[in-house]
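A.B. asks: Copying in the features that Swiss-Prot gives for the protein in this structure:
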type: REGION; residues: 1-27; note: region 'Disordered'
type: MOD_RES; residues: ALA2; note: N-acetylalanine
type: COMPBIAS; residues: 10-27; note: compositional bias 'Basic and acidic residues'
type: MOD_RES; residues: SER30; note: phosphoserine
type: REGION; residues: 38-41; note: region 'Exosite'
type: REGION; residues: 76-87; note: region 'Loop L1'
type: ACT_SITE; residues: HIS144; note: active site
type: MOD_RES; residues: THR173; note: phosphothreonine
type: ACT_SITE; residues: CYS186; note: active site
type: REGION; residues: 187-196; note: region 'Loop L2'
type: SITE; residues: ARG187; note: site 'Involved in allosteric regulation'
type: SITE; residues: TYR223; note: site 'Involved in allosteric regulation'
type: REGION; residues: 226-238; note: region 'Loop L3'
type: MOD_RES; residues: SER239; note: phosphoserine
type: REGION; residues: 274-288; note: region 'Loop L4'
Amino acid sequence: MADDQNCAPELEKADPSGEDGVDAKPDRSSIISSILGKKKKNASACPVKTARDRVPTYLYRMDFEKMGKCIIINNKNFDKVTGMDVRNGTDKDAEALFKCFRSLGFDVVVYNDCSCAKMQDLLRKASEEDHSNSACFACVLLSHGEENLIYGKDGVTPIKDLTAHFRGDRCKTLLEKPKLFFIQACRGTELDDGVQADSGPINETDANPRYKIPVEADFLFAYSTVPGYYSWRNPGKGSWFVQALCSILDEHGKDLEIMQILTRVNDRVARHFESQCDDPCFNEKKQIPCMVSMLTKELYFGR
């Protein structure tokens, strides 16, 4: 029929076993179903193509004019009201990260001792910039922290509030591009005693005008430690995580995929670092970084 010619072809039949549901409480699920039901009545007869209808590509495009912007927020000094100590050694981290990301082709900007409002403002403005000619975006947060929180010089703010500016529905020029966040901060007060292990052997996309992707897609969060634990920093050398990250990026930043890079960072922090403190409660402790990836493709900085 003529009316069907402009409709995108439906490539996959609906599952006859039933409709998709949500993992929510019964009261929330019924509300969501009601909302979705209303939307269905008003929906166009033309099906919207989803990402699974496209020919898959497994590498992020990096052939843009620029690699992208890298913002480093380096919080060293804190207002007395926060009760937080000076983060000695963080300037070493900021300097090493500046050189490292610049060598990868990023336009790097460092901001020191930012308030919570300043951090929000910086990242909001960055998300409003035109990233059309950039391959990706990176941000490094160096500060004190708690689980899901990061300290500005004057208090704490949720990490989610900082990163949400770059969601797909808010920052359109970074849509389907990697948004990388590296976070050097404590995530709790637990200590990792480690466990003795036996030594062993060392072991271009086609245009498609109508499809949707999740707004939280294409994010990567690389945390210096796992939820609930301290993150260690040496006053003379910088934090363990940043030392390892910069070392691996210098060695393999242009030839390994990002998850391979971060896996090697995990290994280096786990094997090569151990705390040395006069206080026996804090002596001989270990640390393991943690990454949370919503990336949808492989990322190579050197391609």
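Think of each number as a place in line: the chain as shown, counted from 1.
Placed from the backbone N, Cα and C atoms, the Cβ positions cover glycine too.
Explain the structural surroundings of these features, please.
C.D. replies: Secondary structure of the region 'Loop L1' (76-87) per DSSP, as helix, strand and coil residue counts: 3 helix, 0 strand, 9 coil.
Its Cβ taken as reference, HIS144 (active site) is surrounded by 22 other Cβ atoms within 10 Å in the chains shown.
According to DSSP, THR173 (phosphothreonine) sits within a helical segment.
Long-range Cβ neighbours of CYS186 (active site) (same chain, at least 6 residues apart, Cβ-Cβ under 8 Å): HIS144, GLY145, GLU146, THR225, TYR229, TYR230, SER231.
With DSSP classes pooled into helix, strand and coil, the tally for the region 'Loop L2' (187-196) is 0 helix, 4 strand, 6 coil.
Listed in sequence order, the residues of the same chain lying 6 or more apart from ARG187 (site 'Involved in allosteric regulation') and placing their CB within less than 8 Å of its CB are GLY145, GLU146, GLU147, ASN148, TYR223, THR225, VAL226, PRO227, GLY228, TYR229, SER231.
Listed as Cβ neighbours of the region 'Loop L3' (226-238) (distance under 8 Å, sequence separation of 6 or more from its ends, same chain) are residues 87-90, 92-93, 96, 145, 147, 184-192, 273, 275, 285, 287-290.
For the recorded site, SER239 (phosphoserine), the DSSP three-state label reads strand.
In the predicted model, residues of the region 'Loop L4' (274-288) average a pLDDT of 94.
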A.B. asks: Cβ distance under 8 Å to SER239 (phosphoserine), same chain, sequence separation 6 or more: which residues?
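C.D. replies: The list for SER239 (phosphoserine) reads GLY89, THR90, ASP93, LEU142, GLN184, SER224, SER231, TRP232, ARG233, given in order along the sequence.
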A.B. asks: When you measure from the Cβ of THR173 (phosphothreonine), which residues in the chain that are at least 6 apart have a Cβ under 8 Å away?
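C.D. replies: Non-local contacts for THR173 (phosphothreonine): GLU129, ASP130, HIS131, SER132, SER134.
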A.B. asks: If you run through the region 'Loop L4' (274-288) with DSSP, how many residues end up as helix, strand and coil?
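C.D. replies: Per DSSP, the residues of the region 'Loop L4' (274-288) fall into 3 helix, 1 strand, 11 coil.
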